[in-house]
Amino acid sequence: GNSQMGATIVDALDTLYIMGLHDEFREGQEWIDKNLDFSVNSEVSVFEVNIRFIGGLLAAYYLSGQEVFKIKAVQLAGKLLPAFNTPTGIPWAMVNLKSGVGRNWGWASAGSSILAEFGTLHMEFVHLSYLTGDPVYYNKVMHIRKLLQKMDRPNGLYPNYLNPRTGRWGQHHTSVGGLGDSFYEYLLKAWLMSDKMDTEARKMYDDAIEAIEKHLIRKSNGGLTFIGEWKNGHLERKMGHLTCFAGGMFALGADGSRDDKAGHYLQLGAEIAHTCHESYDRTTLKLGPEAFKFDGGVEAVAVRQNEKYYILRPEVIETYWYMWRFTHDPKYRQWGWEATQAIDKYCRVSGGFSGVKDVYSSSPTYDDVQQSFFLAETLK
C-alpha cells in the first residue's frame, strides 16, 4: 500500500517459510527487526492491521520461534487497544497509531462498527494473551462475544452494522461476504483452535449457519446454489467473491455439526464451490468477478461494471483447497490449477502481479496493485 509498514513482507512471511524459502524469510525478518516501526502518525484499520500484521507476525513466530516476531506483535497490539475505548467496548474501525484516537468509516450505517471487523480479532488476541500472560487481549474479544450473545438478532441473523456508542444494530443488512464473512469463520476456528473446548463459539456458529441457510441460501433457476444478502427483509440475489470462502467453511465445520449433518454441510460446501467455479468459468479470463448475480436470466455473471474486477483474491481457491482436503476429488486440484494458470497469464507484470479491471474483457487493463493477501493467502 501507500504506507511504509511493509504489509506484504509481514503478511507473506509464513508463506515463505512453508515454501522453504528460508533465505527470503530471513531477509524479511531482518527488515522487520530494523525497519518495522509502529510509532508513526498514521491512521490504520484495526481489522486489517490485526489480520495482516499481528496475524502475520504470530504465524511467523510460531513457525520459526524467532522472538522478534512476538515482540513486534505485542507492540502493535498495544497500539490497537485504544480503539476499544468506546461506551460499549465495541472497537472503532480505525485508530491513529500515535494519538490513539479512533473513529468509524463515514459510509458505515450511522457511525456503526462492522461485524467482520470487530468480529475478526478473536484468534490473534487470544494468542496474544496466551503468549504474554496478560489477559487484557482475551478480555477485549470475550467482551465483544458476550455483548453479541445478549443481543436480539432479526430472524436469527447477525446484521453487519453495530453502533459502538449505543450498542444497537445499524441497518439490517446481513452478508456472508464483505462486512460479515470472517466473523463466522472466526467462530468456527475459535472452536477448532481451542481443541473443540470452546463450545460457546461452536454454538454461535451453528446458530448463525442455520439462520443463513434458512434465509440466504437459495438455488438459482439454473440449479446453482448461492448465498444472497439480506437487506431490510429482502433477499438480494447477488453473491460476492468474498462469499466464496463459505464453501470451505461449511466443509471445515461439517465435523462436529448438529444432528449428524456432516454429510449435508460437506455437500453444501461442494455446491458453493461449484457455483464459484462457474463464476470463473463464465468469464473471458477464467478469473472470477468481484460480485455476480442470479436474477433475470443472469447466472453467476457480474452485471455492473464496478463488479467485474479481480484483485488477486483467494476465497475461491481457498474453498477448492478445503474441498480437496476433505473429499480428495481431483476436480478441485484441476480447478485450482486452472485459476493458477489464468492468474499467471493475465495478472503477471514485470514487478509482480496485478489485479485486472474487467474479467470479461479479452484485453484487460491492470489496477497496478499487488494486494498483500495475494502472497499471504492466494498462493498459499
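Note that Cβ sites are derived from N, Cα and C of the backbone, with glycine treated the same way.
In TrEMBL, annotation is done automatically, which means it is predicted and not curated.
Residues or ranges marked as active site, proton donor by TrEMBL: Glu48 (among others). DSSP classifies Glu48 (active site, proton donor) as helix under the three-state reduction. Sequence-distant neighbours of Glu48 (active site, proton donor) (same chain, six or more apart, CB under 8 Å from its CB) are absent.
Residues or ranges marked as active site in TrEMBL: Asp181 (among others). Cβ neighbour count for Asp181 (active site): 24 (other Cβ atoms within 10 Å of its Cβ, all protein chains included).
Take the CB of Cys276 (disulfide bond) and look out to 10 A: across all protein chains shown you find 29 other CB atoms. Residues annotated as disulfide bond in TrEMBL: Cys244-Cys276.
Long-range C-beta contacts of Glu290 (active site, proton donor), restricted to its own chain and to partners at least six residues apart, with a cutoff below 8 Å, comprise Gly240, His241, Ala302, Asn306, Glu307, Lys308, Tyr309, Tyr310, Ile311, Arg313. Glu290 (active site, proton donor) falls within neither a helix nor a strand when secondary structure is assigned with DSSP, and so counts as coil. The feature active site, proton donor is assigned by TrEMBL to Glu290 (among others).
Residues within less than 8 Å, Cβ to Cβ, of Glu315 (active site) and separated from it by at least 6 positions along the same chain comprise His241, Leu242, Thr243, Cys244, Phe245, Cys276. The active site annotation in TrEMBL covers Glu315 (among others).
Reduced to three states, the DSSP call for Cys244 (disulfide bond) is helix. Taking the Cβ of Cys244 (disulfide bond) as centre and 10 Å as the limit, one finds 30 other Cβ atoms among all the protein chains shown.
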